[in-house]
C-alpha cells in the first residue's frame with residue numbers, strides 16, 4: 001500500500017515541529033513547502049537525519065514549488081506572518097489574506113482532494129478565506145484552534161486540581177482569540193464536571209474564572225515570555241491530532257474551527273465547535289446544549305468573527 005503524503009505549507013517553527021511529529025508517528029511521507037529558498041530543504045535534510053536515531057522511515061523533502069504538494073492526503077497550513085508590535089489587525093489581515101490566496105490556489109491546482117488544516121492567524125478568518133480561495137468542500141477544510149485552546153484549559157485545570165492531565169477533558173468553543181468560550185459545564189475531571197468539583201470545595205469559582213481568563217490569553221502569555229516568537233510545540237501537536245483523526249478514520253470528537261450551516265444559530269461562518277473527524281473530513285458538527293452564559297459568550301465570539309470577515313471582504317473584494 002502506498003504511503004500517505006502530508007504536505008506542510010510554511011516551514012517555520014510550527015511547520016518544522018509538525019514535520020518532526022509526523023515523521024515520529026510514521027503518518028506518511030512529508031513535504032515541507034516554503035517560499036523562502038533553502039529553508040524547507042535545510043529543515044527536511046536535518047529532520048531526515050533524525051531517522052536513523054529515532055527509527056522512522058518517513059521520506060522528508062523540502063520544496064519552494066507548489067507542484068511538490070501534488071497528491072497530498074493532508075495539508076497543514078502555517079504560512080503567514082505573526083502579529084508584531086505596532087501592527088494593526090487590518091495590517092495582519094491584509095498580509096495573511098494574500099498568503100491564503102496563494103496557498104488556496106496552490107492547493108486547488110495541485111491537491112484538490114486533500115484534507116486541509118489551517119493554523120494561520122487570525123484563524124477564524126484565515127480558514128474561511130482559505131476555503132473560499134481553494135474552492136474545496138467545507139468538510140475538507142478546518143481550522144486548528146479548539147484542540148489547542150482546550151489543551152491549555154486542561155493543563156491549567158490539572159495544575160489547579162493536582163490531578164493527572166489524562167483525567168481532564170475540556171471543551172473550548174467560539175473564535176480563536178480573546179472571545180473564545182471555555183465551557184466549564186462540559187469540562188470534567190474523570191467524568192466529574194468542574195462546577196461540581198467547585199461545590200465539593202476542591203477549588204473556588206474565582207480560581208476557575210481566573211483559569212478561564214488565562215486560557216483566553218494563553219497564546220499572548222507565551223508571546224510575552226518568548227518576546228521574539230509565539231507558541232509552536234502545542235499548536236503542532238494539536239494539528240497532528242487532527243491529521244491522525246482523518247488519516248486513521250478515528251471518528252474523534254474535537255473542538256475545531258469548522259464551517260457551520262445553521263448549527264448554534266450560526267450560518268456561513270467558520271467558528272469553534274465540536275466536530276466528528278473521520279475519513280470523510282468533518283463528518284458532523286456536534287450541537288451541544290449550552291447554558292445561558294455560554295450561549296451569550298458564544299454569540300459575542302461569533303460577532304467578533306463576523307467583524308473579521310467583513311474586514312477581509314473590504315481588503316479583498318473577491319471574497320464579498
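Including glycine, each Cβ sits where the backbone N, Cα and C put it.
Computed from a predicted structure; not experimentally measured.
Within 29, 34, 73, the residue that Swiss-Prot lists together with 10, 11, 12, 13, 14, 15, 96, 119, 120, 121 for binding NAD(+) is 34.
For the NAD(+) site, whose binding residues are given in the record as 10, 11, 12, 13, 14, 15, 34, 96, 119, 120, 121, the maximum C-alpha distance rounds to 17 Å.
Listed in sequence order, 14, 76, 77, 78, 143, 144, 235, 239 are the same-chain residues at least 6 apart in sequence whose CB falls under 8 Å from the CB of residue 119 (NAD(+) binding site). Looking only at the recorded positions 83, 152, 176, the one with its C-alpha closest to residue 10 (NAD(+) binding site) is 83. There are 25 other Cβ atoms within 10 Å of the Cβ belonging to residue 152 (substrate binding site).
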